[in-house]
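Quick notes on the structure that follows.
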Amino acid sequence: VGFKAGVKDYKLTYYTPDYETKDTDILAAFRVTPQPGVPPEEAGAAVAAESSTGTWTTVWTDGLTSLDRYKGRCYHIEPVAGEDNQYICYVAYPLDLFEEGSVTNMFTSIVGNVFGFKALRALRLEDLRIPPAYVKTFQGPPHGIQVERDKLNKYGRPLLGCTIKPKLGLSAKNYGRAVYECLRGGLDFTKDDENVNSQPFMRWRDRFLFCAEAIYKAQAETGEIKGHYLNATAGTCEEMIKRAVFARELGVPIVMHDYLTGGFTANTSLAHYCRDNGLLLHIHRAMHAVIDRQKNHGMHFRVLAKALRMSGGDHIHAGTVVGKLEGEREITLGFVDLLRDDFVEKDRSRGIYFTQDWVSLPGVLPVASGGIHVWHMPALTEIFGDDSVLQFGGGTLGHPWGNAPGAVANRVALEACVQARNEGRDLAREGNEIIR
């Protein structure tokens, strides 16, 4: 027929309701709010087009490739119950659109360009189905849940952590002292705050040295393995790796990274280094609410959590369900399972849009952190189960008798809750009795 220039509706090419999804497709569920007068089919097709092979007009070079093989397809649209003019649009992407082992490229393709789109009032990526064929191109977490338990020799209970406060302003020696007191009192881990990197009042090398000293002293006195999440996040990837190398030379068990501000490329590099050198990797999600807070625009945290499991991390902050940063319980448990389990069934009541098979990619320990304290312990033990890290910052350091007694209180409460649970008592009902 020859080439025919001109602008045509996206839905003629990219809306394909009879498409059968392939096992190798990456599937996305978008919450689409079209501008007034834009039909949902056109909006959904526009998203599929702009995040795959399409552009705003027909181009001559389309004839040089097979669009049928490479285009994203909007294959199903359903209205959102209780919302006016909101639709869930399902889009299937052929696997060949993505570079192997690159979360960076996956996000650049799927969410890189479409969110500023004129035809849409708002757009939110609710979930992704990562096919096993793509999962297998990722190393994933450096070690995973089982290997971590074996390294630490801690079984049958959640792990306990504490963020050292005040987060900024302590000297390295005083910081190390706080670390020692918490670990000595019974915590498994202490943590650098996400914004502790290398500032004038405390340079990273000094902090690493004093924290290592605190760890070894506490280990010698308690006979337990201890750790402190040494934040290796830095302004350049090279500097980040340099800090991780120094941590390894000190012989400490774990380092930490802010994966959203640091970026997925840096995070994946660090995860590879950690696996090669036997370091655990704790991940903080600083900046996540910029992306996931709005209900109708941005990206749901479950997508960021899946991406982290692919990029690599052994722990990730995942909300609390109780405390100051409360999350909706079922939804939170949905992405907690996506982090830990090997296979998760589709379950819309928990916000899970697709069945996800992780094909033995190691699991990530969810970290409950943010405004929780010792009276939340029964609820946390029940909600999160054994494979989790419970992190009390002010809930440890705010104890009227000081840091070490605060740590003791948390450890005693945790042991009491685990014992009561194992004896078959009802934590939800008798929680306060148990820890009193």
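From the backbone N, Cα and C atoms, a Cβ is placed for every residue, glycine too.
What Swiss-Prot records for this protein:
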type: MOD_RES; residues: Lys4; note: N6,N6,N6-trimethyllysine
type: BINDING; residues: Asn113, Thr163, Lys167, Arg285, His317, Ser369; note: substrate binding site
type: ACT_SITE; residues: Lys165; note: active site, proton acceptor
type: MOD_RES; residues: Lys191; note: N6-carboxylysine
type: BINDING; residues: Lys191, Asp193, Glu194; note: Mg(2+) binding site
type: ACT_SITE; residues: His284; note: active site, proton acceptor
type: SITE; residues: Lys324; note: site 'Transition state stabilizer'
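Here the recorded positions are Lys167, His284, Arg285, His317, and the one with the most other Cβ atoms within 10 Å of its Cβ is His284. Among the recorded positions Lys4, Lys165, Lys191, the residue whose Cβ has the fewest other Cβ atoms within 10 Å is Lys4.
By neighbour count, meaning other C-beta atoms within 10 Å, the densest spot among the binding-site residues Asp193, Glu194 is Glu194. The recorded positions near His284 (active site, proton acceptor), taking a 10 angstroms Cα-Cα threshold over the set Asn113, Thr163, Lys165, Lys167, Glu194, are Glu194. In three-state terms derived from DSSP, His284 (active site, proton acceptor) belongs to an extended strand segment. Ranked by CA distance from Lys167 (substrate binding site), the recorded positions Lys4, Lys191, Asp193, Glu194 have Asp193 at the top as the closest. Residue density at Ser369 (substrate binding site): 26 other Cβ atoms are found within 10 A of its Cβ, drawing on all protein chains shown. Between Asn113 (substrate binding site) and Asp193 (Mg(2+) binding site), the C-alpha separation comes to 32 Å.
A gap of 11 Å separates the Cα atoms of Lys165 (active site, proton acceptor) and Glu194 (Mg(2+) binding site).
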